[in-house]
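Asks: OK, Swiss-Prot features for this one:
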BINDING   C335, H386, H511  Zn(2+) binding site
DOMAIN    1-61  domain 'TGS'
REGION    244-534  region 'Catalytic'
Amino acid sequence: MLKITLKDGSVKEIEKGSNVLDLAKSISNRLAKEAVGAKVDGKTVGLNKELNENCEVEILSFEDDEGCDIYRHTSSHILAHAVKRLYDNVKLGIGPPIKDGFYYDFDLEHSLSDKDLEDIKKEMKKIIKEDLPIERKVYKRDEAIEMFKEMGEDYKIELIQDLGEDEEICCYQQGDFIDLCQGPHLPSTGKIKDTALDLLKVAGAYWRGDENRAMLQRIYGTSFIKKSQLEEYIQRLEEAKKREHRKLGKELDLFSFHEEAPGSPFFHNNGMIVINELIDFWRREHRKAGYQEISTPIILNRGLWERSGHWDHFQENMYFTEIDDEDFAVKPMNCPGAMLVYNNNMYSYRDFPLRVAELGKVHRHELSGALHGLLRARSFTQDDAHIFMLPSQVEEELENVINLVDRFYSVFGFNYYVELSTKPEKAMGSDEIWDRAINALKSVLEKRGIKYIVNEGDGAFYGPKIDFQLEDAIGRSWQCSTIQLDFLLPERFDLTYIGEDGQKHRPVMIHRVIYGAIERFFALLIEHYEGKFPLWLAPRQAVIIPIADRHMEYGKDITKQLESEGIRADLDQRNEKIGYKIRDAQLKKVPYMLIVGDDEVENKTVSVRTREDGDIGSKSVAELVDEIKVEIDDMD
């Protein structure tokens, strides 16, 4: 009998050769019903995996990330199977599970439409009802290439040829459909809930993300274990469409994109007002937190990028130019320039901690298919900061940065959790340095009572990091802020300080961003607030709406009074009906609508409507100004 150690530490005995599903059944029928796979000694496997030695096993359900991936990966194979049944001359690309669903890439002559998606979904449901067993098969390299050659699957052959000579070629088969895949998968197609499955859209995708390769058709889908979960997800998608920043950006006249500069946003006046408010807030908070601000050039020479490592490891994402027969690059990151600024002076241990921040414009060559409004652009502004310190100051500085991040996100109403990424297999720096840094990160998070997830071995080779995952108003997660201990750049740029002993030492360096990219953070705010910015951020804080031409002069006086108090106010002078003007202001998400007519002119008042509460009655201009200023000042 084998001894199987379960997640709760208990030990279960089971016969050798039993599979994971047998183990789940021996624990409880409910667990067996919910099981979709398992982790055996940390490796994710399917329910058919045989157990032949003592091991640790964690049974996975759909609620586990790895279990959800198994379920949706099987869904993607059913999608590919259905497409192969319905259309001739189909060549398969890849079909992985992704966050909230799955996709599969196809090379086929037929251009897929919404009606095709309905037909494909019906065929998928047939395959599910057939409850075809899903079998794992292993082939020799030559056998696999020959098999896929006979099937005309050129892309699969390319993938096999990219594998190592001795690597196991694994495939999964259901009925007459077979696919190159490492798995794992569910035991049969019938394990997918056919009423909780949907196909969402078709998009173009270059093979292997290379715009010089074939354009494939990518079908996106999702699947759940309950119909109610699918319905909730579709509802969230509909809500997300209403909040889509590209749609609202156009409606609110915030920004635009043009073919003359693909992937680079053009900010309009309304958008610049919001951006500048974000920057002003950033500068105020950083001054209070003891940061210096620097600015470094956008174009720097090849030697710098070779020294930083970007020339060798990031070149495909960079833009280049030649000046006076010398190679230069447009900066994709601010960090190397900040290292040059540090090296311009000699620092003493008494100067630490040294906090240096920069709002630097960077450019990165993203593939056109990956661009997505402000969320994925080719030019953006990073709010980088580098903190140089003594080893004894690490924990205190980490706490200071986390406090600053928390301050920012609380102002915007974001909840968040943290992911801590630890030392990978290949890393620079001693175990002692890494352990000290990781323990400092953990200590600060626990001291602050911040929940965090540990991603073992997922840190960069040059240091551990924590990522802040924001949760927006409709429950989506976004990664923005990162706090990274960097052991690499201080070495590459030979950063030093004079210690108490009079000798040169290497400083500890933290690299951090809070907004991340300001433009991307702006997009998140648009969607988070659904365009209804809080008063301090709103491009137009008030609009004055005269009922008739005879009220226009009074409207102009009010506008001047508000503007003189620093309130962003516009006068609607259009020759339109009052109802139209009010509706238009509501569509433009203006916080305050101030209507003026005969009574208001006579009494020197305004009739006030707010975006959230509608008509709130008549107020004097002075009273309203005081209320607006208090609301602006009370931004947090």
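Residue 1 is the first one shown; counting continues down the chain.
Here the Cβ of each residue, glycine as well, is placed from N, Cα and C on the backbone.
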Asks: Quick one, of the binding-site residues H386, H511, which Cβ has the fewest other Cβ within 10 Å?
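Replies: Fewest other Cβ atoms within 10 Å, among the binding-site residues H386, H511, is found for H511.
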Asks: If you take the centroid of the Cβ atoms of C335, H386, H511, the listed Zn(2+) site, which other residues of that chain have their Cβ within 8 Å of it?
Replies: N334, A338, M339, D384, A385, Q484, D486, L489, M509, I510, R512
Asks: Can you give me the average pLDDT across the region 'Catalytic' (244-534), rounded to a whole number?
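Replies: Residues in the region 'Catalytic' (244-534) carry a mean pLDDT of 93 in this prediction.
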Asks: Would you mind listing, in sequence order, the residues at least six apart from C335 (Zn(2+) binding site) in the same chain with a Cβ closer than 8 Å to its Cβ?
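Replies: Once residues fewer than 6 apart are set aside, C335 (Zn(2+) binding site) is near S308, D384, H386, D486, L489, H511.
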